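Visitor: Can you keep this structure in mind? I'll have questions shortly.
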Amino acid sequence: MGAGHSHLTERRPAATPGTTRLLWALVGAVLAAVVVGAAVTWPSTFAMLGSQPMLYEGASRVDATVLAVDDATGDVTVEVTTEGHEQQTVMSPTGIPSLTFEEGDRIRAIELDDGAVVFSDFERGGPLLALLILYVVLVLAVAWWRGLGALLGLVAAFGIVGFYTIPALLDGGSPAIIGLVTSAGALFVLLYVAHGPNARTTTAYLGTIAGLLVTAVLGTWAVDAARIPGVPDDAQINIAFVEGRLSLSGLALCGLMIAGLGVLNDVTITQASAVWELGAARPDLGPWQLFVRGMRIGRDHIASTVYTIAFAYVGASLPLIMLIAVYDNPVSTAVTSSELAGEVVRTLVGSIGLVLAVPLTTGIGALIVGLGGEALAEPADDAERPQSAAQDSLE
């Protein structure tokens, strides 16, 4: 039994008390900067949220169901189901040949003051809710408590974006400061809720902050030098009502920092874990040896993540790329156009921040693990315990 019990614990590297104090001092400094930045850019009013009407006077949003489609004439008969607006009517033509309807489709429509019903969008709540439930169930089933922590952290991070970032931007705050405050604050919640307050998590947090600062500095220059518009041309029309208070190029910078946060976090937490596992397997390794071996893993991670970022942006922009490809335009002109330049800048700046975050995180982790003194016995992960128990019974 004694031999079997050893499967339930592992010897993990532990930071010395002095190192721990230093790490928490650095985190405290980052959080203090976040608090100051949030105080400076905190919106003076939230009145801008929901202040602009989406519909013409006298129009109403309604829900409807498609009852019949006449293929010969293209007429679509719908039943409006919203209380107080119930009726059956032929919906006004959309003027979009590629937009087709089927009997039973649930749609969102606009009812004009004369009773006419105009198509607005399809109702997608059901499929999206099903995907969300499947995602949550799978995360909890595979990742257990860490998955729950990650989901809770994600909800809190979205809360920061909804209750601080967007109102602060609409109030005319500095997009650079807002982007840094949002990223550093959301990252703190995400990491420590999902992975716990320990030296490994702190290593990943500090490495991500370093990469984020690089992204912010480089992004500030790139957005200004390349004159990135911030939002597409059609969105500029819709957001014109805040143009006097909101810098559209600054909005591009803020979005760039937030967009790169997830990838940076993924890389840094993986690198920190890799260094800790190396230290657990080879406690005789010093900081430099841990750094060299950790970077072997890091180089593979960089290689895979760089093209992950690129393909993610290509996939998101594929309809736009196809539209540009239709026209007789040199590739160099198309790539540097306002439509694609923003995606190119986001890809390159995000990738540069990622590449630099890997050695920074690996170096911090190697110093902590290599100089951390004796290892501590820690329980194995929950996912490993059933296997360990089975081994105990066999022994």
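Yeah, the Cβs are placed from backbone N, Cα and C, and that goes for glycine too.
Here TrEMBL flags 21-42, 128-145, 150-170, 176-193, 205-226, 246-264, 305-327, 347-369 as transmembrane segment.
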Visitor: Check the transmembrane segment (176-193) against each of 21-42, 305-327, 347-369 and return whichever range has the most CB pairs under 8 Å.
Guide: 21-42
Visitor: Would the transmembrane segment (150-170) count as touching the transmembrane segment (347-369), if touching means at least three Cβ pairs under 8 Å and pairs must be 6 or more apart in sequence?
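Guide: Stretch pair does not touch.
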Visitor: With a cut-off of 8 Å between Cβ atoms, can you find at least three pairs linking the transmembrane segment (246-264) to the transmembrane segment (21-42)? Only pairs 6 or more residues apart in sequence count.
Guide: no
Visitor: Return the stretch with the most CB pairs under 8 A relative to the transmembrane segment (347-369), choosing among 21-42, 128-145, 205-226, 305-327.
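Guide: Looking only at 21-42, 128-145, 205-226, 305-327, the most contacts with the transmembrane segment (347-369) come from 205-226.
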Visitor: Same chain only, please: residues at least 6 beyond the ends of the transmembrane segment (205-226) with a C-beta under 8 Å from a C-beta of the stretch. Say none if there are none.
Guide: 23, 26-27, 30, 176, 179-180, 183-184, 187-188, 191-192, 249-250, 252-253, 256-257, 260-261, 264-265, 268, 271-272, 341, 345, 348-350, 352-354, 356-357, 360-362, 364-365
